[in-house]
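Sequence annotations record features per position, and here Swiss-Prot assigns UDP-alpha-D-glucose binding site to 290, 349-351, 366-374, 388-391 based on similarity to another entry.
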């Protein structure tokens, strides 16, 4: 009898990456009975001390998914590096984890060989953890990169090393309108919508180093769907054997309640009861993600914009935890009283339930890829307001490349400190909620197409089958 399979996930331990990786692991377990166990290796991050509790809560009802915590990294990079060049910090901290992963994997593989009933068949590696490819090679295990971003981002990662061979310097923000012929995009991509880290020397070098390791993987699993990014996936399908095959395995979504230390049941019930009382498609939801912290001046401009438009709204405001300020303290005087009949302000909302509600009509979003996929899944159009990471590129893709969103901003970066004025915000909200050009019908069509992709015979269903057949062998 052939031994059952164990797959090892090496996941970057930030909440967003853990959430998507664990959800993907759940989908594989549900899909294939030959998988005995998926073991997820993770380590502690100084900036995300609660991540391990979050991960445990996500797998609590999953006996075939096992979390394996690694020892603390010795001599981690200084936190100052994170605030200057986050991608450089992430890469350096991951490199320091390589010996710990090597020891853990060696022990796992040896113990499985001794048991004879279970075999480790390969690694699924978060794209921030690509230094682990060398460990997989040492143990003669295939490694697959799991990209929590989209195929457009992968196109950029393919382009970066090619550009670097010609021009070794980081990108220049002052040449923001210079366009790049990034493969997989129909539109040329302006410099100003590329990830902000590419304008900082240390982060730029980290991005290039990460991208240069991609060809060492046996395959790349992308959390996107063919019907959404047809041009990008077609481009990768045409590539020769010098680049790994690309598998569109998305959308990988966590559609059940996610635990949050900031939201108790009464808060959640208050929000959902309020939504029940609102007319269909009347609410604009404003949220910039768990890390989308905005200051008092920007909060005041958004508040003024909401009063200018008169639209009903649900506004989730994340404040700096070190300041211990309530979001209500930062609002203009009298705002809550003036908007009491039309709006609700909270510090955290159950986003999946909110987007699924019939009262939702639009979403002003930071364009984190998880949020984009969730909004598309529920057919809710977006107004783009990116903040950090690759969100500017996501916003560009949604507005210019795919025609699936309304532009508020494409190139906004929260770290630069610009204050977007109320009139501009109000204009985007009006376009989102009332405009004839809002791609509401196309978004609804994409929601249906994404669901079809996951069904038996759909593009993502077939891609996951190809991946599992290659990894485990035989028929699923």
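For all residues, glycine too, the Cβ spot is worked out from N, Cα and C.
Structural mapping of features recorded in Swiss-Prot.
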residue: 290; record: UDP-alpha-D-glucose binding site; contacts (Cβ under 8 Å, 6+ apart): 15, 16, 318
residue: 351; record: UDP-alpha-D-glucose binding site; contacts (Cβ under 8 Å, 6+ apart): 287, 316, 371, 374
residue: 368; record: UDP-alpha-D-glucose binding site; contacts (Cβ under 8 Å, 6+ apart): 16, 289, 389, 391, 394
residue: 390; record: UDP-alpha-D-glucose binding site; contacts (Cβ under 8 Å, 6+ apart): 149, 153, 156, 195, 369
CB contacts for residue 371 (UDP-alpha-D-glucose binding site) [other CB atoms within 10 A, all chains]: 22
Residue 374 (UDP-alpha-D-glucose binding site), number of other Cβ atoms within 10 Å: 22
